[in-house]
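A.B. asks: Would you mind keeping the following structure in view while I ask a few things?
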Amino acid sequence: MNQNLSLDPSASVLLPVAKKEKIDTVWDRHKAMQPQCGFGQLGICCRVCWKGPCRIDPFGDGPKLGICGATADVIVARNVIRMMAAGAAAHSEHGRHVALALLGVAEGKLEDYQIRDEAKLRRIAGRLGIPEAGREPREVARDVALATLFDFQNQDHHEPCTWLKASLTEKRLDKLAGLEVLPHNIDAVVTGIMARTNVGCDADPVNLILGGVKGALADFNGMALATELSDVLFGTPRPVITAANLGVLKEDAVNIALHGHNPLLSDLVCEIAHTMEDEARRAGAVAGINLVGVCCTGNEVLVRHGIPLAANYLSQELALLTGAVDAMVVDVQCIMPSIAEIGSCFHTEIVTTMDDCKIAGTRHVSFKEETGAENARQIVTLAIEAFKRRNPQRVLIPDFKETSIVGFGAEAILEALALLDAEDPLKPLLDNIVNGNIRGIALFAGCNSTNAKQDSSFVTMAKKLASENVLLLATGCGAGAFAKHGLMNQEATLSYAGDTLKGVLTAIGEAAGLGGPLPLVLHMGSCVDNSRAVQVAVALANKIGVDLDALPLVASAPEAMSEKAVAIGTWSIALGIPTHLGIMPQVTGSRAVTGLITETAKDLLGGYFLVEPNPEAAADKLLAVIDERRRALGI
Ligand code: BF8
């Protein structure tokens with residue numbers, strides 16, 4: 001039965017443990033929740049006021065209007081754009097946190113952080129129109145931080161967000177400006193969505209969805225600044241060889257799992273843990289301290305430091321069921337509250353660290369940037385103490401881990417290409433797209449969901465698209481899936497890539513000194529790092545003088561789940577990228593909204609949602625889209 005829940009081999013080992021120990025997991029709770037509310041699934045349950053909840057009867061003779069008169073179209077549109085606002089808020093709050101930290105470093109107020117990539121800081125300054133030549137890094141950093149924070153403060157509606165302007169093609173900016181969906185201020189746009197969806201406000205589904213698109217573009221802006229400024233503070237990813245899946249836990253080490261999204265604390269834990277190896281050994285951990293990652297904090301430390309990835313979203317509970325995790329340190333987002341209960345069944349310290357993200361029943365270490373290193377030390381100490389309480393009889397680490405070569409941000413990809421053509425690094429990529437050696441590019445992103453067999457569609461689609469010579473990029477839990485299932489190594493390229501794609505990946509990999517091809521799927525980082533993929537796409541589009549909606553580029557989120565994924569998917573279509581969803585979005589109770597995002601969007605934006613739960617069929621549809629784009633380009 002486990003085979004139907006997850007493709008992850010670790011699940012087959014650990015779900016029986018959960019059953020034996022009578023510990024419920026996400027899959028048990030999913031089962032107990034059946035049948036799920038059909039009104040909610042269609043998006044036609046309205047809870048924006050206390051006259052409700054109102055439910056529209058989609059088929060029978062029941063109510064067609066909410067008590068206030070709202071139609072199904074209005075209810076669906078309001079619900080879905082509130083999700084986009086929440087996604088934008090989550091990513092942008094993360095970004096604001098990083099921007100404030102950069103400002104703190106620039107002003108000499110944060111001793112525990114440094115500017116680790118000065119060259120990148122200067123490149124960013126160039127992109128944002130900030131003078132940098134001859135100036136001290138801290139002066140430049142201050143201006144970059146302030147220009148970034150202006151994207152949260154600007155009150156001039158006619159002045160789009162700084163990062164968006166610096167990140168898209170001119171043609172795309174013009175198109176979005178024409179539709180009046182360019183955000184001027186992230187906070188204002190999020191607030192605006194909450195205001196217009198309040199009871200008795202915007203009741204025009206098209207107007208509402210366009211408001212949502214603006215919110216989604218604010219999400220893009222927040223992600224782009226989070227990614228870029230994190231690189232300045234923590235280093236820009238470079239290819240690194242590491243491993244993924246629960247076999248990266250070690251029986252003879254203090255295992256610390258870093259979970260959540262924001263690198264501000266986890267990066268310091270990486271640094272401090274090195275200095276505390278002896279303490280761990282004195283506590284009996286022969287192998288010292290073993291840091292592993294979970295979800296997107298995991299991806300952040302994976303692509304920057306090669307810290308192995310233990311789990312993506314649906315596997316976070318499995319990590320605890322090994323009985324080998326001494327501390328799970330969480331920051332924000334995608335943290336199942338259930339880990340408190342499961343951790344308490346073992347010796348595991350669940351440590352929350354952000355004051356606005358606590359879980360009842362766990363320990364809280366209040367992280368502040370001013371005391372970051374000290375907080376990290378406290379956390380590692382808690383883990384070492386917990387290790388002493390670990391019961392070796394209950395340890396079961398599945399023997400599964402896959403070698404993964406990760407860390408392919410835009411810079412790393414361009415550097416690798418520069419080895420083939422130092423003068424014009426994009427030329428080899430472009431030439432190979434034009435001659436068909438690379439048929440197209442697919443970006444896999446997004447979550448795990450219990451509405452699908454974990455990781456399965458990612459793997460099926462990637463193998464099929466690669467065999468058809470599509471270059472594959474990945475972020476977030478999608479990237480985690482590929483890493484765990486061995487699709488981010490050279491063997492995968494040799495086994496699954498079509499001949500021409502294999503040739504290109506081999507030429508680049510060998511030039512880069514990898515002694516073989518690049519991995520089959522290029523890991524670009526966490527969810528906020530989807531902006532890295534856009535950077536590559538924009539560079540390509542600018543090189544050939546077209547807009548993003550002309551490129552043979554598609555995106556896919558086969559297991560989209562979170563509000564953040566709703567925001568990402570929406571900006572993806574707003575940027576002109578056809579975007580596949582493997583899970584039915586909760587909008588189908590409105591024909592108008594469904595038509596808007598799957599059909600009308602194609603005319604308005606070039607990008608649109610394509611919904612297909614079957615992974616084989618989804619891959620075929622994406623190939624057809626890629627071929628259609630190639631034909632339109634005349635290649
Ligand atoms: O930001 S892919 S389940 S962990 S939301 Fe969450 Fe989805 Fe994973 Fe990262 Ni993104």
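Cβ atoms here come from the backbone N, Cα and C positions, even for glycine.
Okay, these came from TrEMBL:
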BINDING   Cys37, Cys45  [4Fe-4S] cluster 1 binding site
BINDING   Cys46, Cys49, Cys54, Cys68  [4Fe-4S] cluster 2 binding site
BINDING   His261, Cys296, Cys334, Cys447, Cys477, Cys527  [Ni-4Fe-4S] cluster binding site
A.B. asks: Hey, for the [Ni-4Fe-4S] cluster site built from His261, Cys296, Cys334, Cys447, Cys477, Cys527, who else sits with CB inside 8 A of the CB center?
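C.D. replies: So the additional residues around the site are Cys295, Asn299, Asn312, Tyr313, Gln333, Gly476, Ser526, Ser562, Lys564.
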A.B. asks: List, in residue order, those binding-site residues out of Cys49, Cys68, Cys296 with a Cβ under 6 Å from any atom belonging to ligand 1.
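C.D. replies: If the test is a Cβ under 6 Å from any atom of ligand 1, the answer is Cys296.
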A.B. asks: At 10 angstroms around each C-beta, which of the binding-site residues Cys49, Cys334, Cys447 has the fewest other C-beta atoms nearby?
C.D. replies: Cys49
A.B. asks: Tally every other Cβ atom lying within 10 Å of the Cβ atom of Cys37 ([4Fe-4S] cluster 1 binding site).
C.D. replies: 10
A.B. asks: Using Cβ-Cβ distances, find the residues under 8 Å from His261 ([Ni-4Fe-4S] cluster binding site) that belong to the same chain and are at least 6 apart in sequence, listing them in sequence order.
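C.D. replies: Sequence-distant Cβ neighbours: His94, Cys295, Cys296, Thr297, Glu300, Asp331, Val332, Gln333, Cys334, Ser526, Cys527, Val528.
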A.B. asks: Most Cβ neighbours within 10 Å: which of the binding-site residues Cys45, Cys46, Cys54, Cys527 is it?
C.D. replies: Cys527
A.B. asks: Per residue, counting other C-beta atoms within 10 angstroms of the C-beta, which of the binding-site residues Cys68, Cys296, Cys477 reaches the highest number?
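C.D. replies: The largest 10 Å Cβ neighbour count belongs to Cys477.
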A.B. asks: Rounded to an integer, what is the Cα-Cα distance in Å between Cys45 ([4Fe-4S] cluster 1 binding site) and Cys447 ([Ni-4Fe-4S] cluster binding site)?
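C.D. replies: Given the Cα positions, Cys45 ([4Fe-4S] cluster 1 binding site) is 24 Å from Cys447 ([Ni-4Fe-4S] cluster binding site).
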A.B. asks: Show, in sequence order, which residues other than Cys46, Cys49, Cys54, Cys68 on the same chain lie with their Cβ within 8 Å of the centre of the Cβ atoms of the [4Fe-4S] cluster 2 site.
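C.D. replies: Checked against the 8 Å cutoff, the neighbours are Arg47, Val48, Lys51, Gly52, Pro53, Gly66, Ile67, Ala70, Ile75, Val199.
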A.B. asks: Where Cys477 ([Ni-4Fe-4S] cluster binding site) and Cys37 ([4Fe-4S] cluster 1 binding site) are concerned, what is their Cα separation in Å, rounded?
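C.D. replies: One finds 26 Å between the Cα atoms of these residues.
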A.B. asks: What does DSSP assign Cys37 ([4Fe-4S] cluster 1 binding site), in three states?
C.D. replies: coil
